Amino acid sequence: MKIAIVGTGYVGLVSGACFAEMGVEVTCVDINQEKIEQLKKGIIPIYEPGLDEMVLRNYREGRLHFSTQLRDCISDVEAVFSAVGTPPDEDGSADLSYVLNVAHEVGQYMNHYLVVVTKSTVPVGTAARVKAAIQEELDKRGKNIEFDVASNPEFLKEGSAIKDFMSPDRVVVGVESEHARELMTKLYRPFLLNNFRVIFTDIPSAEMIKYAANSMLATRISFMNDIANLCELVGADVNAVRKGIGSDTRIGSKFLYPGCGYGGSCFPKDVKALIKTAEQKGYPMKVLQAVEAVNEIQKNVLFNKLNAYYNGDLQGKTITLWGLAFKAETDDMREATSLVTIKKLLEAGCKVRVYDPAAMNECRRRIGDSVYYAQDIYDATLGSDALLLLTEWKQFRLPSWEVVRRSMNRPIVFDGRNIYDPSDMQAAGFEYFSIGR
Ligand code: UDX
């Protein structure tokens, strides 16, 4: 079986490598020539554990190909997956120009029956527009070729992308023909051999499921952040509260961790886009508006605690950040809390020392040399007036507190992910502040 996947971002590259791993012959297409050249050498543009090895192996064994031209491989394939970006427009709605460009290109070059699958996160109604764009091009060419569109949103998480793709909780596929249904079943059966969990729906529902899932997860986080802030005010411990409510099977224990706000390429963008879609239909999504507002506040929670500690006078203070990425196991800094925090610290006149196991280059690319990029976690705390923990990397879990304490000017820790134990920190000689405890 042969397929093409357009877009070699997170979703496209991981899907391509994983389909190839199952024996499908995959061509990954991207308009970025340099990216394609790098991929052929096994150089992966993103940090994702295990991905480089899987890409290189499948490329060498001839199941994974790279190309800058969809037209070069389209006559060979049974399906074209579109996994190009849908960045937020200025008003928060998803920008569909890349998705529609791919559709036009498919229409321009296809010459046999194809299933055109949208994997990018796109608002309800996009598949219909993809279909219209393909048909428009076929009409221009005076060709009468059958095709189907399908919607197959992706739920993989950065940092565990391969694991998530190889053994998904479920696969969601929106289809409107038996042909497309059969093809998607064939493609996904190897991933779900013993427990086939492909949920087939109509296309608009499949498009909606992705937004609803991400919005629900973001809601849980903002809800817990709100509860955590209240816990501090009433003297409760949010960790105990989290365990207490999470053991109710109706609630469940996942995604109840309070912290210094959610970031990444999905939650912020998808929550905004769903609010926008609803607004266009004249329906205000009040819960999601609050989810977003709480998250904006939460991204400032560490800065505010620090600022309150120093009575609003941070001028000239040296502040350390452990963690820049929006979460552990990635170098991704999209919508990361660190960016908001660094900006606030610099505006307040602080000197900022940062360390992250993977995101140093990404940070330099974004903000240049306005902060000091430390060699390691201990270099980062040298002469520091406070340590802010922003990302829950394993590398930060068990430092030598003795070394940290001696290197700091004042031993204070603000833990934005609740990874340390308050009594341990006190015993190690630190003033310790966390979220909701
Ligand atoms: C998310 C969804 O999980 C995934 O299904 C979808 O396909 C894409 O969006 P991702 O953005 O990779 O994946 O990250 P995720 O691990 O879900 O974390 C998102 C953010 O929420 C991070 O900033 C994380 O720190 C934060 N988070 C997560 C919390 O603050 N508390 C939690 O309990 C869980």
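Note: Cβ is positioned from N, Cα and C throughout, glycine not excepted.
Listed features, source TrEMBL:
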| type | residues | note |
| --- | --- | --- |
| BINDING | Asp30, Lys35, Thr86, Thr121, Glu158, Lys269, Arg334 | NAD(+) binding site |
| BINDING | Phe155, Leu156, Lys157, Glu158, Lys210, Phe255, Leu256, Tyr257, Pro258, Gly259, Gly263, Lys327 | substrate binding site |
| ACT_SITE | Cys266 | active site, nucleophile |
| DOMAIN | 320-422 | domain 'UDP-glucose/GDP-mannose dehydrogenase C-terminal' |
Tertiary neighbours of Arg334 (NAD(+) binding site) (same chain, Cβ under 8 Å, six or more apart): Gly263, Gly264, Ser265, Pro268, Phe326
Glu158 (NAD(+) binding site) versus Lys210 (substrate binding site) - Cα distance in angstrom: 16
Gly263 (substrate binding site) - helix vs strand vs coil (DSSP): coil
Residue among recorded positions Leu256, Pro258, Cys266 with Cα closest to the Cα of Glu158 (NAD(+) binding site): Cys266
Other C-beta atoms that fall within 10 angstroms of the C-beta of Lys35 (NAD(+) binding site): 19
Rounded Cα-Cα span from Lys157 (substrate binding site) to Thr121 (NAD(+) binding site), Å: 14
Arithmetic mean of per-residue pLDDT over the domain 'UDP-glucose/GDP-mannose dehydrogenase C-terminal' (320-422): 98
